[in-house]
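Database features (TrEMBL):
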DOMAIN    B:66-254  domain 'ABC transmembrane type-1'
TRANSMEM  B:12-35  transmembrane segment
TRANSMEM  B:66-89  transmembrane segment
TRANSMEM  B:101-125  transmembrane segment
TRANSMEM  B:131-150  transmembrane segment
TRANSMEM  B:191-214  transmembrane segment
TRANSMEM  B:234-254  transmembrane segment
Amino acid sequence: MFQNRAEALALALPAAIFAAAVFLVPVIILLSDGFRDPVGGWTISAYTDFFSNSLNQTVFLRTLRLGAIVTVVSAVIGYAAAFAIVSLEPATKGKITGLVVLPLMISPVARTYAWIVILGRTGIVNQAFQALGITDAPLRILFSETAIFIGLLQLFLPLMIISLISALENMPKDAIPAARVLGANWFQVFWKVVLPLTKEGLVIGGTLVFTGSLTAYITPAILGGSKVLMLETLMYQQVSVSGNFVAASVIAFILIVMSFAANILLKRVATARNKVRSQG
Amino acid sequence: MNSNTLARSLFIPIILFLVIAFLIGPFLIIVAASFSAGDTLAFPPQGFSLRWIAKVFTVESFRASFGMSLFLAIGGTAAALVLGIPASYALSRYKLPGAEVIRTVVSAPIIVPGIIVGLALLRYIVVPFQVGITLALFLAHTALVLPYAVRVVSASLDNLRSDIEEAAVLLGSSRTGAFFRVVMPNIRGGILSAFILGFVTSFNQVPVSLFLSGPGVRTLPVDMIAYMEIVFDPSVAALSALLAFLSIGIVFAAERFLGFSRYV
Amino acid sequence: MSDASYLSLQKLTLAYGDTVAVPDLDLDIAKGELIALLGPSGCGKTTTMRAVAGLLPVKSGHVRLDGADITHVSPNKRAVGLVFQSYALFPHLSVYENVAFGLKLKGLRGAELDKKVRSGLTSVGLSTFADRKPAELSGGQQQRVALARSMVMEPKVLLLDEPLSNLDARLRLEMRTELQRVQKETGVTMIFVTHDQAEALALADRIVVMKAGKIEQIGSPEDIYNRPVSSFVADFVGFENIFPLENGRLRTASGLEELSSQPPSAAGLAWRPRMVSLGTGPFRGTVRGTSFAGDSREYLLDTPLGAIKAEVEASAPAHPLGAELAFDLPAHKAAPLSTFS
């Protein structure tokens, strides 16, 4: 550790000042807009207005609901996939993990665009359904919550899987056989042993997926269209269509509060675990 | 083989097949669709041609926005590294007053949704200070990449013993000289990894750039979204496929030559 | 400058922020001496060494070397070498380039540079390893590279941080011999920091025992080993039975105890386990523990004085656990301590 403070500040301050000037200060001013009373002083009337509008309520609840469903479904699929992957031979495991991570490198626009081909009116799903005689007329899958759900799940599932893979790999090797020897069935093994021991990874993955889903723009923009809005697309509309910057500020604040809440939850759970560990 | 191991030996390949089909399949469909000979986006593709891939290169707005995205990804990441490397060095090697505050400030752009950053920049930098859109985009992408740069460079600095700098100084080097002679050569892999991660992040970024567009100034992904709202031909698929191969190629090369995943 | 104060620390005060680690230290070291700074972790030995190297700014006081005040000379201009505990080799450079690093900065080039690097490598027996990277060497080899890298700079003082602690027992002996040889051949003044008394005793001309930033005792290995001046030093060099002395009597767990013979006047007395006479004497104790160490056998006794450790020849008859034994703490064998803490 070097002691020279002036040197340290000279090195660190340019980045900090840049981030503060270009990012922190403008964002704080933007967030404060929603609390500013046009006649002076502060008010939360913009928030009461926002939540009294039924369209806004729908969008807010939809965003929360989609975030929650995507997180839960990706956790369920994530555990199955992570279990399957950690049980592979090391060489195969590396390749499969690479395939899971690969989509993260591809532009979200490209990844989301693919669903138009699959879910569209003449897309593969509708072709298959009609060929199999499940439906007569093409189903409207695109521009719905289902389409957004599928898009978000595909976008964020890799984050959950890799979080759970590393959690499962860090689990004590003998935990599962030990529990089996003690007479636990597979359900009990998962509930009483695996889940507590991988909680940290689940929380990390869950936070990434949840905040990612809340704040996704591309997926609802492409797969939800202008009718099925989420908070981010609503915010974009408020600015570019209505020029309502106060509403945009309110949405921004809600998004940030929800992201931070998820982040704090993550840290809580992680430190709670650390405490237990240091006591034991 | 009892029923238990039979179930497991079936379960694993089925799960993996389904998950990977879900994750990779859509991308493969995009690739296939981009070789279509038809006029609209469809799968299975109607015939085979390279016309849509060729068309990508002739669309003027794609060329301009590709140039813009490339400039932002390279310039923004380079700027983020110029700011981020000294900051990471200070955070990892010095006893710095307010280190946690500084770390939080430089990493904050990663937590706040990009659309908010873009809007805040538009309203409180671009408009009041009469900043050009290109410069605003550059600032935004630099701020966006800065957290990644600091995180990856810090990680590789933390893996490097700090006493080698002291050793270099005792052998006659100045402090600055020690940084360039013994620190830089040893964190080069980390810096390159940070560059690649920053490049991919910046290049694929949409929400930050949404509000920051002006006449003829747009990033490529924003341009693609605008294009696909108007035209439903396979050229966006072709472009998506090309970009995906570009990203994958860069990341694969990085992994192969640098062991990229060690740093990310 | 006298010969006895080639390197001189005068009223040296060192601090990390506001925490003073070393207050008012005075120490004179002669040219060509091999000095050990000995003490437990946190005693200020490493802090002192870093200040001599210039890696830690001095709060007050002076460092003088070879007649010049170097207190505020930057570390790259001090002609002080340091072999780090971790060796701190540059991982991206070959062994040859590591050794050449400082010489190149001095402006050496071509044949002259090559000659110095080669002879440096030869002197530590690594001439065939010139093209290896540090990661391809064993710990002992890495340390020899670090030694050569410092020595080719012809430093006025060579500092070594725990030079033997990362080596296994066999290499430790080898390295010890190596350091003594280098010191003899070059006449360089060497200061090494260690927490291991055996290392200090085996290697140093003079040992400086430090405690809480202050010098507790300076002396030859014989002095330190046989005539510790304080209870701290006595404990550190293996006197396990240490008692304060009050009016010629021992202060023990059960009050003041008369010794079998008249003790010298001192603040305390200390006995090594083998200085305790077992079998006869005015005191009684019960065997609580016993361990066999080849040549000798050690007993841990529960006594009214407190716990006593005694060591006898292994050939003497063994006593079982729980046996009650008489013993004596002979005053004439004890090391008299002038300070007791």
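For all residues, glycine too, the Cβ spot is worked out from N, Cα and C.
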Cβ-based contact of the transmembrane segment (B:66-89) with the transmembrane segment (B:234-254), 3 or more pairs under 8 Å: no
Stretch with greatest number of CB pairs under 8 Å, the transmembrane segment (B:234-254) reference, B:12-35, B:101-125, B:131-150 candidates: B:12-35
Non-local residues, at least 6 beyond the ends, that sit with Cβ under 8 Å of the transmembrane segment (B:191-214): 69-70, 72-74, 76-78, 80-81, 84-85, 113-115, 117-119, 121-122, 126, 133, 136-137, 140-141, 144-145, 148-149, 152-153, 156, 184, 220-222, 225, 243, 247, 250-251, 254, 258, 260, 262-264
Chain residues in Cβ proximity to the transmembrane segment (B:101-125) (below 8 Å; excluding those fewer than six residues from its ends, i.e. six or more beyond): 84, 87, 90-91, 131, 136, 139-140, 143-144, 146-148, 150-151, 205-212
